[in-house]
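Taken from Swiss-Prot as is:
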type     : residues : note
DISULFID : C3-C22   : disulfide bond
DISULFID : C17-C36  : disulfide bond
DISULFID : C38-C49  : disulfide bond
DISULFID : C50-C55  : disulfide bond
Amino acid sequence: TICHIQISKTHGILKTCEENSCYKMSVRGWIIGRGCGCPSAVRPRQVQCCTSDKCNY
């Protein structure tokens, strides 16, 4: 799976991941992270996971 990886608040890259999923993590609507896999979330964080290429933009 090809996922967006968040390097900083304004910079990201695309990466081919071994995992079959990507995630986007947010707090109150603000995106705080993107990456490979599907980590569990701890409130107030929310995680959206997906399985297609570049789906976590």
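Glycine too: its Cβ is placed from the backbone N, Cα and C atoms.
Per Cα geometry, C22 is the residue among the disulfide-bonded residues C3, C17, C22, C36 nearest to C49 (disulfide bond).
Taking the Cα atom of each, C55 (disulfide bond) and C38 (disulfide bond) are about 13 angstrom apart. Long-range C-beta contacts of C17 (disulfide bond), restricted to its own chain and to partners at least six residues apart, with a cutoff below 8 Å, comprise T1, I2, C3, C36, G37.
Listed disulfide-bonded residues: C36, C50. The one with the lowest count of other Cβ atoms within 10 Å of its Cβ is C50.
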